[in-house]
Amino acid sequence: MEQPAVNDQPRVHQRTTRTIAKPHVMEEWVGKVFTTLCVTVLVVTIAAIVYFVASHGLATFITDGVSLSGLLSGLKWDPEGDIPLYGALPFIFGSFSTSLLAAIIAAPLGVCAAVFMTQIMPGLGKRVLQPVIELLAGIPSVVFGFVGLSIVVPFLRSVFPGQGIGIAAGAIVLSFMILPTITTIATDALSNLQRGLKEGSFALGATRWQTIYRIVIPTTLPSLLTGVVLGMSRAFGEALAVQMVIGNAPHIPHSLFESASTLTSVITLDMGNTITGSTHNNALWSLALILLAMTFIFVFIVRFLERRNNR
Amino acid sequence: MSAKTADRIATAVIVAVSGLIVILLAGLLGYILFRGLPNISFHFLTSGPQTIKAGGGIGPQLFNSLFLLVLTLIITIPVGLGAGIYMSQYAKPGRVTDSIRLIVEVLSSFPSIVVGLFGLLVIVNIFGLGFSLFSGALALTVFNLPLMVRITEQAMNGVAREQKEASLALGLSRWKTITSVMLPIAMPAIVTGTILAAGRVFGEAAALLFTAGMSSPRLDFTNWNPLSPFSPLNPFRPAETLAVHIWKINSEGLAPDATQIAAGASAVLIIMVLIFNFSARWFGRYLHRKFTATK
């Protein structure tokens, strides 16, 4: 890890606080305690979330005797059957395939938009494209779900065989939702690029496109990937928009246009119908634990990429 | 193919893709407004929902959304400001600060449904608050806090160092410097960020399904006693927000005009979000003019 910069936060402050009059010391103390308390609230909250999700999620394996490999690789989810089955592979598959597909759709679009805004027409990009992307970021997920149900699903139904609902519909809706994330981060990365690199390339007689794909994209690749991973992480955790268009059938679909489920959609649908402490309920918490674990993995991938970028 | 032709083709492709994004979003907004606006009327905005009959409105849901937003901001703003100020001014560079920063990052990328589950278990059941506006506000606080912390931290870091040092040199304490000198300068950025975050809170539904509940009691808008279970002002009653309502009628709506209601409610939601967006920009610029004497 790189050494943090020590030069700001001048040392002088400590000396002044020691010599100032008493009410000021009190004031300083109040401020310090208040802000520290606020940070403590934050830390306690995350600790509590991890603790409670983990304790309920692990109870499935410890007290209810469901095997971990059975949950991760089981193909059949039937918690209310005579022999309850807790195979979550279809949901895990659904979550990964929708978010991956969404990233595959959104990444080229987002990078194109960022290149447009920084390299090709910065003026028009700032005035038109950037506000458009920011607006897109503000649209609530249920509205995306509603639009998905009323445009994307009927469209897929008319073009491809099947009902229209399924992984493809989910991925299209999600790609819209993560486009702003990818674009914003890519734009930041591209505009922070050292001027010299680009100018050097132009000076050697390279065209703009050669400069973009030989110089600009390779240098900023870790940052671009950061955006894609963050977008995927958002797609992975999105619940309602996906649940509305994916169809919610608990099995691995044979095509992209067949009803499927994700981790979030099954939690959304089943949580209200189970009793706290029952095996079914705990199994849902295990799914939430998988979501949580994936969040951590995504954050660590992002950190890894950022560190590579800073080097 | 010569390099020049490749350059022209690539430029054309990039411009076309960017144009496509703009057209798609314009189409999206246009579609929502075009489908929704004909359904919006005074009656629709003020009357209660119907379960099986046509002609239901979204009055209580709209009120709940706004009330919940206010409650959430009342909790989030002081805590978020405090934590953000800590991160930018008090935290010493080192292992502890790094891990707090990691925590904020992790918390901001938690799936909202997991936050909702946590709310169901801890706030609703263990704290015994039940499905209520207050539980919903706490869950949304968890969801909104990291954003607020980041906004404050960035805004405070953006304050010129000379200004801070001048204040300290005059003998003001650090806290006084922060509240009286730095905070006013950082205010435009904080306000803009807060309003944008508020727009996000307004449309959030997954975290509220299991905390604020999916039903609303019959509200009596003439009853202003906050302790009565039928008063709209009571923060301890279950409350279905607009976003949750859209989800519910899309997935299990029985009313014959469910699609129209969903379209109308989506349009209302989008209009509210647009208002948040534009007011954030406008208000930020206004404050900036007011505080910094720039024209």
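Indices start at 1 and increase along the chain as displayed.
Every residue, even glycine, has its Cβ placed from backbone N, Cα and C.
Keep in mind that TrEMBL annotations are predicted by a computer and have not been checked by a curator.
As recorded in TrEMBL:
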type     : residues  : note
TRANSMEM : B:12-34   : transmembrane segment
DOMAIN   : B:62-280  : domain 'ABC transmembrane type-1'
TRANSMEM : B:66-87   : transmembrane segment
TRANSMEM : B:99-120  : transmembrane segment
TRANSMEM : B:126-147 : transmembrane segment
TRANSMEM : B:181-202 : transmembrane segment
TRANSMEM : B:261-280 : transmembrane segment
Before we move on, state whether the transmembrane segment (B:126-147) and the transmembrane segment (B:66-87) share at least 3 Cβ pairs under 8 Å, counting only pairs 6 or more apart in sequence. yes
Can we call the transmembrane segment (B:261-280) and the transmembrane segment (B:99-120) in contact, meaning three or more C-beta pairs below 8 angstroms at a sequence separation of 6+? no
Residues outside the transmembrane segment (B:99-120) whose C-beta sits under 8 Å from one of its C-beta atoms, at least 6 past its ends, are 87, 91, 135-136, 138-139, 142-143, 145-147, 149-150, 204, 206-211
